[in-house]
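Undergrad: Below you'll find the structure I mean.
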Amino acid sequence: MSSSKSLYELKDLKNSSTEIHATGQDNEIEYFETGSNDRPSSQPHLGYEQHNTSAVRRFFDSFKRADQGPQDEVEATQMNDLTSAISPSSRQAQELEKNESSDNIGANTGHKSDSLKKTIQPRHVLMIALGTGIGTGLLVGNGTALVHAGPAGLLIGYAIMGSILYCIIQACGEMALVYSNLTGGYNAYPSFLVDDGFGFAVAWVYCLQWLCVCPLELVTASMTIKYWTTSVNPDVFVIIFYVLVITINIFGARGYAEAEFFFNCCKILMMTGFFILGIIIDVGGAGNDGFIGGKYWHDPGAFNGKHAIDRFKGVAATLVTAAFAFGGSEFIAITTAEQSNPRKAIPGAAKQMIYRILFLFLATIILLGFLVPYNSDQLLGSTGGGTKASPYVIAVASHGVRVVPHFINAVILLSVLSMANSSFYSSARLFLTLSEQGYAPKVFSYIDRAGRPLIAMGVSALFAVIAFCAASPKEEQVFTWLLAISGLSQLFTWTAICLSHLRFRRAMKVQGRSLGELGFKSQTGVWGSAYACIMMILILIAQFWVAIAPIGEGKLDAQAFFENYLAMPILIALYVGYKVWHKDWKLFIRADKIDLDSHRQIFDEELIKQEDEEYRERLRNGPYWKRVVAFWC
């Protein structure tokens, strides 16, 4: 330890009433680095732990149950319950924002999650926020989507999902602001706005989604390695990556944050470089194919499929991949709801989402369509015998650019590991939140002294063993199963958010409440939520059709159905099981019976109008550039 002494073990000296308070550095020290979390001893100490305690002993002691007394919470912070609804790639960004505040909402409520340590710094949050969305769905899953739909179908699918997502962000932002301290976050909205059974089923399917993501990413990592070698058993790499992910999570939030900082730096640099290089290759400035332009939109074509029905199926199949790629984007509305001026931040977050959809997703997808033909035998999901690779690698390597594809593939591997790391971390925390909501056994609420939900982490680790199918010849089939579960689960969550918003607005109207009580009103209103809800139901119906009658086949296929639609039977089973167990057969909560007061923050309508008028006046009297920034940002 350094000469600054061990801040984590400062004791009461000579039993006096004077407390020695730890400095802000406490927040940066994980427990297993520090030792015991015991209550202050009545025996005098020199102000730090005795030196004869070994590092090994302190490490093993850190796995003991965390005490939940007031004196033991000096280093603990309230983990906001909204983490149950946050995507892995962004989940810890909210933890940081809560840590930055000295008066966290709901602090010291006695929740088990109070023991989770606050160790994430602003630099971590910045890179985690920027890297959100750059994962398997965008970097690898788009290969299968391109094969099924063609470049135009892929673009249409992402554009449709992008329009839906914008409405979801608006609805989520409105409810996140008024229910900012609700246990369970937006996974809890359906429970008191729609129906308890529906809320239970959606919450568990959402947890299952992130349980599936970890083995999905590990399988994807082994597939990414095949670009370099196919002679080594893929399970060897799965073991290496599996141990790496668990080791990172043994170090708790601090290990997660540092790993994500490195991973996301690499992802941002790679995507920026690919965008620039892709344009140069397409116009003939690099590679050996000269000017390419939109050649592949004519040969082999903009859509895959000889008949219109096959083309439609291709677009429908793309929507699930797009949902998986967009997964977690709703988190932006959650975090902005907790900033100093959320009423102004949420509209900015919606604009930010538009820019992310346009530049991060649609722009790179257009480039992929220009540079990679959908009939390439190297694309995942193709029937050719070529070595499968990410479409981003193929986009560069197939045009004669050397060395760079290896760097891109390496960064894609890091991106995949980043998602595996995030999903493992988050699935364990989801189990913790389900336990606090009463939806899971209390054993999952076990928190050790280092702030790790050990039992939940053990379940996540066992589930990740599915990844060892990587050596199986059915590897791509397993990838399809896991991707379908994750993608459909995301659609269920988004549908639940929009349906909850519709019920919330209906209850406000029936009970005679003014919308002026809301700190922020969705710019798309109930019509936007209705559009998003209807579109997602239609997508689920279309996906059902694709599942029972796969693309290119005219006959029904039971195996293909479960490969692509397994999440739906799981949701139905959970819903019916809850209804049978609780003998509760009502379909929904009546609008006049919905509790609009509990957990809700009610804003002063007159004060809001005054603030809005003052803001507009400042813009009118301020410099022109501020009006430009306000319009675009």
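Just so it is clear, glycine is given a Cβ too, placed from its N, Cα and C backbone atoms.
Heads up, here are the entries from Swiss-Prot:
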COMPBIAS  34-52  compositional bias 'Polar residues'
CROSSLNK  K11  ubiquitin cross-link
MOD_RES   S6  phosphoserine
REGION    32-52  region 'Disordered'
REGION    86-116  region 'Disordered'
TOPO_DOM  1-124  topological domain 'Cytoplasmic'
TOPO_DOM  170-197  topological domain 'Cytoplasmic'
TOPO_DOM  253-260  topological domain 'Cytoplasmic'
TOPO_DOM  335-352  topological domain 'Cytoplasmic'
TOPO_DOM  426-452  topological domain 'Cytoplasmic'
TOPO_DOM  499-531  topological domain 'Cytoplasmic'
TOPO_DOM  582-633  topological domain 'Cytoplasmic'
TRANSMEM  125-145  transmembrane segment
TRANSMEM  149-169  transmembrane segment
TRANSMEM  198-218  transmembrane segment
TRANSMEM  232-252  transmembrane segment
TRANSMEM  261-281  transmembrane segment
TRANSMEM  314-334  transmembrane segment
TRANSMEM  353-373  transmembrane segment
TRANSMEM  403-425  transmembrane segment
TRANSMEM  453-473  transmembrane segment
TRANSMEM  478-498  transmembrane segment
TRANSMEM  532-552  transmembrane segment
TRANSMEM  561-581  transmembrane segment
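Where in this structure would I find these features, and how exposed are they?
TA: The average pLDDT the prediction assigns to the topological domain 'Cytoplasmic' (1-124) is 43.
The list of residues near the topological domain 'Cytoplasmic' (499-531) in space but at least 6 beyond its ends in sequence, with Cβ under 8 angstroms from a Cβ of it, reads 164, 166-167, 170-175, 177-178, 186, 189-190, 193-194, 342-343, 346-347, 350, 588-589, 591-592, 594, 596, 601-603, 605, 608-609.
Sequence-distant contacts of the transmembrane segment (149-169) (same chain, six or more residues past either end, CB-CB distance under 8 Å): 142, 296-297, 300-305, 311, 314-315, 317-319, 321-323, 325-326, 329-330, 332-333, 349-350, 353-354, 357, 361-362, 365-366, 368-370, 374, 494, 497-498, 522, 524, 528-529, 531-532, 535-536.
Counting only same-chain residues 6+ beyond the ends of the transmembrane segment (198-218), those with a CB under 8 A from a CB of the stretch are 84-85, 88, 135-136, 184, 187-192, 238, 241-242, 245, 327, 416-417, 419-420, 423-424, 426-427, 430-431, 434, 437, 439, 459-460, 463-467, 470, 479, 482-483, 485-486, 489-490, 492-493, 496, 567, 570-572, 574-575, 578, 588.
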Undergrad: Residues of the same chain, at least six outside the transmembrane segment (561-581), with any C-beta under 8 angstroms of its C-beta?
TA: 196-198, 200-202, 204-205, 208-209, 317, 320, 477, 480-481, 484-485, 488-489, 492, 540, 543-544, 546-548, 550
Undergrad: Which one, 353-373, 453-473, 478-498, has the most C-beta pairs under 8 Å toward the transmembrane segment (532-552)?
TA: 478-498
Undergrad: Quick check: do the transmembrane segment (353-373) and the transmembrane segment (478-498) share at least 3 Cβ pairs under 8 Å, counting only pairs 6+ apart in sequence?
TA: no
Undergrad: Determine whether the transmembrane segment (403-425) and the transmembrane segment (261-281) share at least three Cβ pairs under 8 Å, counting only pairs 6 or more apart in sequence.
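TA: Yes; at least 3 Cβ pairs under 8 Å.
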Undergrad: Are there residues at least 6 beyond the ends of the transmembrane segment (261-281) whose Cβ is under 8 Å from a Cβ of it, and what are they?
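TA: Contacts of the transmembrane segment (261-281) (Cβ under 8 Å, skipping residues fewer than 6 from its ends): 123-124, 127-128, 130-131, 134, 287, 289, 292, 360, 363-364, 367, 370-371, 392, 395-396, 399, 401, 404, 407-408, 411-412, 414-415, 417-418, 421.
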